[in-house]
Amino acid sequence: MEPQYARLVKSAALAATALASILLLIKIVAWYHTGSVSLLAALVDSLVDIAASLTNLLVVRYSLQPADEEHTFGHGKAESLAALAQSMFISGSALFLFLTGFQHLYSPETLRDPGVGIAVTVVALFSTLLLVTYQRWVVRKTRSQAVRADMLHYQSDVMMNGAILIALALSWYGFQRADALFALAIGVYILYSALRMGHEAVQSLLDRALPDDERQAIIDVISSWPGVKGAHDLRTRQSGPTRFIQLHLEMDDALPLMQAHLLAEQVEQALLHRFPGADVLIHQDPCSVVPEGRQGRWEL
């Protein structure tokens with residue numbers, strides 16, 4: 001486990017938890033003063049944010065533990081479980097928004113002091129935007145699925161705060177149902193984000209292969225190595241920060257065992273240089289045991 005990965009992932013989880021806690025307190029005050037259903041939706045979403053971010057923080061700490069006798073491949077899959085749990089949290093908040101939005105659509109209420117709600121929403125919008133910017137940078141550096149799930153969650157918050165701002169402004173000018181309509185629209189977007197996040201988490205738990213560009217990069221590395229005649233049965237997956245790469249290398253039949261071993265070691269080191277922290281397993285095949293139609297090919 002790279003120290004930078006652990007540091008960045010932990011800092012992103014802590015930042016999200018701290019921001020969600022602060023915004024929750026601010027939104028409680030704003031909702032009390034305005035009675036806005038959109039702000040109530042934002043308040044509930046902040047409660048979900050705290051639960052999700054705390055879950056994320058605990059799971060990230062667990063996933064960063066090194067492999068042990070009972071978990072020989074490490075604990076990285078915990079990140080996918082965290083993302084799946086987050087999708088459930090977010091789906092619950094979306095359903096709450098639908099119920100509350102429909103209720104206020106048919107029984108609209110006049111907002112009290114919408115100026116307070118607008119001020120609070122502006123603060124929430126810009127602070128969440130800063131958090132998402134930091135999370136996106138962490139995801140680019142670490143490819144952490146847990147942080148990516150959290151980022152998608154807070155991206156929906158940015159959209160929600162923008163919609164709330166418009167709804168409060170319209171309500172201020174007499175469009176009483178705008179508050180409820182925007183709450184319903186926000187609910188649709190949040191539910192979509194939750195389903196997308198859940199799909200990604202399930203795919204990871206099912207050991208989906210690495211992206212095509214990364215698999216092609218693996219082939220590019222080994223095909224440029226002298227002495228390697230071909231490769232097949234490439235299998236890849238990712239668990240937390242660790243990529244798992246397995247493949248069969250095709251070598252000349254007359255190559256001595258020690259030379260074949262050294263060649264495989266060199267290819268492994270080249271792959272580790274391209275994908276730091278990866279777990280690489282290479283099987284050496286004499287060309288003669290490979291079916292004729294597959295010899296000398298570089299198969300993804």
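A Cβ is built for glycine as well, from the same backbone N, Cα and C atoms used for every other residue.
Taken from Swiss-Prot, the feature Zn(2+) binding site applies to D45, D49, H153, D157, supported by sequence analysis. The annotation transmembrane segment is assigned in Swiss-Prot to 12-32, 40-60, 82-102, 114-134, 155-175, 178-198.
Same-chain residues with CB within 8 A of the center of the D45, D49, H153, D157 CB atoms, the Zn(2+) site residues themselves not counted, are A20, S46, V48, A52, I90, S93, T128, Y154, S156, M160. All protein chains shown were included, and the count of other CB atoms within 10 Å of the CB of H153 (Zn(2+) binding site) stands at 29. Tertiary proximity for the transmembrane segment (155-175) is limited to same-chain residues at least six positions away from its ends with a CB under 8 Å from its CB atoms, namely 34, 36, 38-39, 41-42, 45, 49, 90, 111, 114-115, 117-118, 121-122, 124-125, 128-129, 132, 181-183, 185-186, 189-190, 193. In this chain, the transmembrane segment (82-102) lies close to the transmembrane segment (178-198): three or more C-beta pairs between them fall below 8 angstroms, excluding pairs fewer than 6 positions apart.
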